[in-house]
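Visitor: Quick one: the structure is below, questions incoming.
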């Protein structure tokens, strides 16, 4: 067992042996992974006649995540098919290729081979999202509960599923509103400040109407029950974290949004960093200097007042984030401010690739993105997996050439990561254990 596996593996083995009251106080997540592992491994061992140490061994438990990984590939394919079903120009091969690319997304793929909660957490969240898109909201909420049992922050993605339903209703009502006023200027000047204020005004009016609230409640009640159960859990538990709370304190860490945008640009290089994109961004800068100046000032203020550095980030030299922080952010006090232009480009690119979605969907996704990233004090790339996948599923399909480029890029990153993990081992002065580099 390596890293967090030293907590996860013994806990799963205790469940395998029927000791369901045993709990390691260092574990911060709910026992979904351990319960499911015991439910899969024990019947399999009985059917295949396995006995002794092989049952619930480290290798057997890691195999559970391999099953989740295969499931994630299939779910990603189904989601791409459902989300982009109107795009008839995309071939079946391109859908499979895109699903394969996302299935080997480096930060997620690495943890397929360790006994971590990430593959299972992604599986149940993607499954919940798929059921939501097909209108099966009771099943979606139930799967959302399973996702919550793997990681508490997944409750945000249950809210996201409810938000999908709300966004659809708002979009239909907005179209009717436009039709009534026959005001084509609103839609043609999409993105201007006056349009945004009118949309926000419409949003407030719509959500304050009792009739509309009853309609939305009737559509989203399974998610409302799930979120209510979440608040009951938080009240009884005294917080979101189950175990080691001292190392997982919630705070308003707004720069996490900038780190996520940078992470997204890095893993979207094949289709974000193109000469056309850069020219388009520079043109946008020239057309809206006041808005960009305001965004710059707000960004600088958020970095100044809300940057937090977790003790793990500074102390644990096994994670890539340690080196990102040391080599980039700790070079000089001003570096974090000098990166603001890059953050603005990353934010613009991010928003530009989602422009095919409705304004209400974008607002809803952005709220969920803030909820899942900002409260985290620790900079941890694993926390970005789900928001990235949901973003990537909803952007338009790339050309076949760019898809192949993206897949090749992900394979290269995976190859380097596995090489470093397996071959570039090191030791700490005060420990005899072998240490390895990882996400």
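Residue numbering: from 1, along the chain as shown.
Placed from the backbone N, Cα and C atoms, the Cβ positions cover glycine too.
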Visitor: Tell me which of 357-374, 375-392 corresponds to the transmembrane segment entry in TrEMBL.
Guide: 357-374
Visitor: Of the residue ranges 93-116, 117-140, which one carries the transmembrane segment annotation in TrEMBL?
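Guide: It is 93-116 that TrEMBL describes as transmembrane segment.
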Visitor: Answer with yes or no whether the transmembrane segment (407-426) touches the transmembrane segment (93-116) by the criterion of at least three Cβ pairs under 8 A, sequence separation 6 or more.
Guide: yes
Visitor: Counting only residues 6+ away from its ends, which parts of the chain sit with a Cβ under 8 Å from the transmembrane segment (254-273)?
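Guide: For the transmembrane segment (254-273), the list is 105-106, 299, 302-303, 306-307, 336, 339, 342-343, 345-347, 349-350, 353, 369-370, 373-374, 376, 379, 381, 384, 387-388, 391-392, 395, 398, 402, 405-406, 409-410.
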Visitor: List, by number or range, the same-chain residues at least 6 past the transmembrane segment (293-313) whose CB is under 8 A from its CB atoms?
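Guide: Residues 247, 251-255, 258, 321-322, 325, 336-337, 340-341, 343-344, 347, 377-379.
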Visitor: Using a Cβ-Cβ cut-off of under 8 Å, list the residues of the same chain that are 6+ residues beyond the ends of the transmembrane segment (221-242) and lie near it.
Guide: 27-30, 137-138, 140-142, 144-145, 148, 152-153, 155, 158-159, 161-162, 248, 250
